Amino acid sequence: MTRKSFPFFLLGLILTVGIDQAVKYWVMHNIPLGTETPLLPFLSLYHVRNSGIAFSFFSSFSHWGLIFLTLIILIFLLWLWKNTQYNKSLTRFGFTLIIGGAIGNLIDRICFYYVIDYILFYINDVFYFAVFNLADTFITLGVIAIIIEELLSWIKRKSTFSE
């Protein structure tokens, strides 16, 4: 990590956590728990509480156990961000999104003992995806960003070796 990159990292965290928490606040105060608000033929806002992690995994863990697990993962992610080469900007951006999303969900878990989820994708009455939130979306987009940069690096290395 360089001093030059830290302000961008901090700004990214402030934006991801701030947007996530603002939307969750709006959902909590405008959509009753367990109520679905259709937006599009395949998308609804559906206010639920998730006591686990993604897809309700680890929902049998204690409240403090999940907080501890999240903190350990955050420390590891911060270490990865800090030790990622400066020229790997997409990877660094990906880690920023992942860390911001994890912090957003950690705030919920500390304050409410659960995570506020509200995004529901579905196809008619045939398929319903797990309800999730914007923090989960940031985490997913961060992983995708890292995978893209790794694939591009791999393709570049492969083409360099074959020449």
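Each Cβ is built from the backbone N, Cα and C atoms, and glycine gets one as well.
According to Swiss-Prot, the protein carries these features:
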type: ACT_SITE; residues: Asp117; note: active site
type: ACT_SITE; residues: Asp136; note: active site
type: TRANSMEM; residues: 8-28; note: transmembrane segment
type: TRANSMEM; residues: 61-81; note: transmembrane segment
type: TRANSMEM; residues: 93-113; note: transmembrane segment
type: TRANSMEM; residues: 128-148; note: transmembrane segment
Cα-to-Cα gap, Asp117 (active site) vs Asp136 (active site), nearest whole Å:
9
Need the DSSP three-state call for Asp117 (active site) to compare against my parser.
strand
Please report the number of other Cβ atoms within 10 Å of the Cβ of Asp117 (active site).
23
At a 10 Å cut-off from the C-beta of Asp136 (active site), count the other C-beta atoms across all protein chains.
23
